[in-house]
Amino acid sequence: MQLIEKAPAKINLGLDTPYHHQDGAEEWNMVMTSVDLADYVEIQTLTKHKRIRVASDSGFLPNDQRNLAFQAAHLLQTNYGIDEGVNIRIKKNIPVAAGLGGGSSDAAAVLRGLNQLWSLGLSWQELAELGLQIDSDVPYCVYGRTAHVRGRGERITPLSKLPAAWVVLAKPKVSVSTPSILQQIQYDHLEHPDIDGLLRAIREQDIQGMCAVMGNALEPLTAHRYPEITQIKQQMMKFGADAAQMSGTGPTVFGLCSKQSRAQRVFNGMKGFCREVYLVRPLP
């Protein structure tokens with residue numbers, strides 16, 4: 001049996017980490033939303049053996065245990081005593097190591113897909129709890145849409161859909177290792193964004209209010225290493241974005257626009273600065 005699961009990219013409208021736990025894991029306080037840039041994950045179950053095979057059309061993606069989609073299949077296979085193998089083929093549209101959650105979204109897609117193909121009957125909450133063993137973004141990616149994410153990534157509160165908005169994504173030519181950024185965190189020196197204010201603006205459908213309080217506590221760490229992030233933000237604002245911010249640990253920057261015509265102008269302008277530029281919309 002086989003099916004295809006859509007694996008949308010995510011952006012962080014707000015990202016804060018107020019402290020870390022004794023085991024070193026970060027405590028997160030984030031507002032995330034899915035956008036209509038997505039990978040497509042084809043999942044085929046195999047009855048002749050238990051091997052897990054991962055393939056993709058990206059030369060930058062590992063196809064072994066380092067791949068989060070592989071880990072998701074192995075986790076379900078091991079936890080539930082499944083005697084079947086899996087072929088996973090990923091059509092990559094989301095840039096790799098970009099701060100857009102592509103790997104986590106692929107893993108979440110495998111969890112959802114195999115839950116169906118193997119008739120496991122797991123709830124999304126149960127899938128999210130399993131996903132936390134893979135990566136802190138996987139629980140959110142199981143649900144998708146717009147959500148408030150707390151804890152180690154497992155506390156997901158769905159939010160109302162965003163007010164009408166368009167998003168321009170621009171990824172510079174660098175790739176960022178998330179662990180290398182997290183290791184640099186000095187909690188006493190972080191600037192904490194107004195997550196409560198962002199949640200209030202979303203509830204009130206106030207896009208200008210959202211733009212005024214958006215923030216990413218990790219942006220200065222990545223931008224210090226890769227100054228092109230700041231340059232991209234400046235260019236987006238120059239071309240007319242209502243707000244511009246780094247997503248995740250970077251390096252992708254997104255510009256939020258309240259009007260489609262303005263977003264198109266930002267998109268056209270940014271194509272002269274970055275090879276990977278996308279004009280997308282938040283998923284409803």
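In case you wondered, yes, glycine gets a Cβ from its N, Cα and C as well.
Residues or ranges marked as active site by Swiss-Prot: K10, D137. What Swiss-Prot lists as ATP binding site is P95, V96, A97, A98, G99, L100, G101, G102, G103, S104, S105, and the listing cites sequence analysis.
Sequence features, as recorded in Swiss-Prot, placed on the structure.
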{"residue": "K10", "record": "active site", "DSSP class": "strand"}
{"residue": "P95", "record": "ATP binding site", "DSSP class": "coil"}
{"residue": "G101", "record": "ATP binding site", "DSSP class": "coil"}
{"residue": "D137", "record": "active site", "DSSP class": "coil"}
Position of peak Cβ density within 10 Å, selected from the recorded positions P95, G99, G101, G103, D137: G99
Distance from D137 (active site) back to G103 (ATP binding site), taken between C-alpha atoms, in Å: 9
ATP site shell beyond P95, V96, A97, A98, G99, L100, G101, G102, G103, S104, S105, criterion: Cβ within 8 Å of Cβ centroid: A9, I94, G248
Under 8 Å by Cβ from K10 (active site), same chain, sequence gap 6 or more: M32, T33, S34, V35, L100, G101, S104, S105, D137, Y140, C141, G144, S247, G248
Most Cβ neighbours inside 10 Å, all chains, among the binding-site residues A97, S105: S105
